[in-house]
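For reference, the structure is listed below as structure tokens.
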Amino acid sequence: MSDNKAIQTLQNTKEFNEVIKVKGSLIIFDCFSTWCGPCKVIDPQILKLSQAYSDTYFYKLNVDEVPDVAQKLDIRFVPTFLLFKDGEKVAEVVGAKPKALEDAIRANLGCGATHSSN
């Protein structure tokens, strides 16, 4: 996993499988589609969350471009946010709900979480 804190878009199953194996970090998958209005609306808030919670890693997953991963994750609605830690899903937020996503992030971060209030 790179140290670049930009939100990266996963291009294929191999990339997903590599990211999911990372231990010790909270990983958030933003499962979206380009035709999804709520996905576009929440994007700026997701960027803010990725910057506010510096010890998390955010990845975008276009369900139309990587359908096998979307099916494996049982994505039925976009946007869906999946939170993984040590290879296990620890939370799921369905819909464009930034407050619920932030609550899930906070609940799953250990001590030493870095957060800057807005």
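Cβ atoms are placed via backbone N, Cα and C, with glycine included.
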Q) Of the listed cysteines CYS31, CYS39, which one does Swiss-Prot record as disulfide-linked to CYS36? A) CYS39
(Q) When secondary structure is assigned with DSSP, how many helix, strand and coil residues does the domain 'Thioredoxin' (1-110) contain? (A) 41 helix, 29 strand, 40 coil
